[in-house]
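What follows is a short report on a single structure.
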């Protein structure tokens with residue numbers, strides 16, 4: 001795949017002088033360097049919405065004691081992972097689009113890929129726990145408050161969330177031991193393990209198999225369990241007496257279902273492109289990676305602000321909409 005991306009002359013020079021300390025070359029949008037400043041405008045807007053939106057969600061939950069419940073603690077976890085995912089890609093994206101800084105040393109690349117993959121695994125875990133929360137709330141409403149307590153959610157959440165980052169450590173550390181040859185050009189404005197490993201000039205069978213195992217027992221397993229949870233929810237909702245009860249019950253899941261779709265659909269698409277689309281157009285690789293990393297952190301706070309009544313109420317109160325509506329009725 002690196003052969004698709006032509007090197008600039010300065011990259012060829014740097015490639016020859018960084019044999020001891022490997023340097024990789026991140027790309028923005030090859031062929032569109034002249035308008036990269038303009039291309040960054042939508043990225044800047046996505047960063048602005050993602051970072052400010054998730055901070056806003058965290059502040060609202062923190063400052064409102066009524067929201068100190070298991071469901072909102074899980075929403076706080078989701079906002080934190082989205083915030084981490086956005087901040088992980090920010091330095092290199094800004095460096096490329098605004099300062100034309102394309103080089104990144106292996107150590108910095110390892111840190112960035114660890115953060116990106118860790119927060120992705122964390123988000124998958126949070127979505128899984130949230131699906132269990134919704135399943136218990138709908139299927140066992142009378143026992144929900146007994147089973148799901150704030151302390152239990154926090155303890156379980158932390159245990160499940162950190163399984164991915166812990167499993168990632170050997171995968172990322174081993175990259176330091178590999179020799180790298182060729183131009184060492186990466187196809188995105190950030191480091192991903194599946195790209196860096198392809199540039200190693202040695203046998204990477206262990207990393208490939210270990211990486212697949214980690215993904216299978218984290219994200220893929222999470223997706224299967226989420227699907228099973230929704231199967232149980234649908235089965236329970238179908239047994240409710242009236243259509244109004246069915247609609248009300250399933251409406252409590254719409255925010256979470258949207259979050260699941262906007263996270264897992266691009267993730268599966270990106271995995272398929274990397275595994276089977278090596279000869280796919282460059283635009284496909286760029287689109288899938290950018291959608292996967294930039295869209296969920298941007299959309300999640302918007303979805304939960306619109307669909308969650310308590311957060312919507314707090315936002316309306318902050319904006320003074322209640323006073324306006326009360327004045328208009330008077």
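Cβ from N, Cα, C; glycine included.
Curation does not apply to TrEMBL; its annotations are automatic.
Features as listed in TrEMBL:
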type	residues	note
DOMAIN	53-304	domain 'G-protein coupled receptors family 1 profile'
TRANSMEM	12-32	transmembrane segment
TRANSMEM	38-61	transmembrane segment
TRANSMEM	73-99	transmembrane segment
TRANSMEM	111-132	transmembrane segment
TRANSMEM	153-175	transmembrane segment
TRANSMEM	209-233	transmembrane segment
TRANSMEM	254-276	transmembrane segment
TRANSMEM	282-303	transmembrane segment
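When Cβ-Cβ distances under 8 Å to the transmembrane segment (282-303) are tallied for each of 38-61, 73-99, 111-132, 153-175, the top count falls to 38-61. With respect to Cβ pairs under 8 Å, the transmembrane segment (209-233) is most closely packed against 111-132, considering the stretches 73-99, 111-132, 153-175.
Residues of the same chain lying 6 or more positions beyond the ends of the transmembrane segment (153-175) and with a Cβ under 8 Å from any Cβ of it are 70, 73-74, 77, 81, 106, 110, 113-114, 117-118, 120-122, 124-126, 128-129, 133, 193, 196-197, 200, 206-207, 210-211, 214, 217-218.
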